[in-house]
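This report refers to the structure that appears directly beneath it.
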Amino acid sequence: MNAIPHPLSVIWQNDHLQLLDQRKLPTETVYMELQTPESVWDAIYTLAVRGAPAIGIAAAYGLYLGIRQVESMDQFWRELKRVADYLNSARPTAVNLSWALNRVQEKVMSHQSQSLEQLKEIVLAEAKLIHQEDETVCRKIGENLLTFMQDGMGILTHCNAGGLATAAYGTALAPIYLAKQKGWNLKVFADETRPVLQGARLTAYELQQADIDVTLICDNMAGVVMKQGWVQAVIVGTDRVAANGDVCNKIGTYSVAVLAKEHGIPVYVAAPTSSIDLNTATGDEIPIEERAPEEITAGFGKQTAPTEIKVFNPAFDVTPAKYITAIVTENGVIRAPFANGLKEHVHKNKDN
Ligand SMILES: CSC[C@@H](O)[C@@H](O)C(=O)COP(=O)(O)O
């Protein structure tokens, strides 16, 4: 099997950014050619590129697109900050967005004595490094998660934390790809993930491409699938882990975790260390994006609710730490009590 069977979500092509337009999947494979930070902002906001690590990578390249034509040092530093703040405003919840933009800015600030052209090159080089490192990070998360898995297991996942959401492999789906390479047969249940259907359009698609046994279910079927005894582990990604271990992820993750606890099924959160936000004390402090009501009332162009109905459409929810069995990063496994474990984990791995 190909190590990475799905199309890549982010590609740096000579002098511009190519993004796989994930809104068109699973029926069309179309790449967008982006030359400006405005077009990158738009791609992030409209979910053409989505998934916490992928939006961080795209934004880092977007920052380069925003400063590459400046003509003076003054303008460089002004634009660097302005474009970073602008890109960071595209979506509020995934901490990977600000993490990537801060990382690029910090890198360039530590090279202030360089020439203007060198500074621009440093911005691009750091974006490329974040991109490359993400593949390694995902692979290691997969290896660490694999230690909890066995041939034949049933896995339930929610949303898409797969290769499409990252540079490659994904976070929650990485162990599933690695298990396939070992010749294991896992049975994956993909929640369709209302309202935007990342599970149906993206997870089911990329696992099918990889010839992995995947069954698509509606979100409200997770309970019955667990009750049948078909699920031995829930594995999900995350957009931000708070300092106390509360986990923010796609709307519906909380319900899945509560159901899993009732059925005695472990819940593993696949998280790059960059998704751990020690500056956010608890899940209550995480800004939750609310999206347009039309995602619910007229998803994919067909009206399915009365005109002007009142709608609540949060894109994410927070699963309290007590429902989480373990948070698995590229650097290891963190278990309760999470507050100490997360702090230690982040500090220990800071300079790796
Ligand atoms: C490795 S991706 C982790 C999360 O970003 C993912 O689970 C998720 O919630 C994505 O939401 P999305 O709104 O599609 O960007």
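Every residue, even glycine, has its Cβ placed from backbone N, Cα and C.
TrEMBL annotations: computationally assigned, not manually curated.
Owing to the predicted nature of the structure, the values given are computational and were not obtained by experimental measurement.
Around the Cβ of ASP239 (active site, proton donor), the number of neighbouring Cβ atoms within 10 Å comes to 31. For ASP239, the entry in TrEMBL reads active site, proton donor.
As annotated by TrEMBL, substrate binding site applies to ARG50, GLY51, ALA52, ARG91, GLN198, ASN249, LYS250. Within the same chain, residues at least 6 positions away in sequence whose Cβ sits under 8 Å from that of GLN198 (substrate binding site) are ARG50, CYS159, ASN160, LYS250.
According to DSSP, CYS159 (site 'Transition state stabilizer') is assigned to coil rather than to any helix or strand. What TrEMBL records for CYS159 is site 'Transition state stabilizer'.
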Task: recorded positions near ligand 1 among ARG50, ALA52, ARG91, CYS159, GLN198, ASP239 (Cβ under 6 Å) - done: ARG50, ALA52, CYS159, GLN198, ASP239
Task: Separation of alpha carbons, ASP239 (active site, proton donor) and ALA52 (substrate binding site) (Å) - done: 6
Open item on the list: Other than ARG50, GLY51, ALA52, ARG91, GLN198, ASN249, LYS250 themselves, what residues in this chain have Cβ atoms within 8 Å of the centroid of the substrate site's Cβ atoms?
Closed with: ILE55, ALA94, CYS159, ASN160, ALA161, ALA165, GLY237, ASP239, ALA315, PHE316
- [ ] Could you measure between GLY51 (substrate binding site) and ASP239 (active site, proton donor) for me? Cα positions, answer in whole angstrom.
- [x] 8
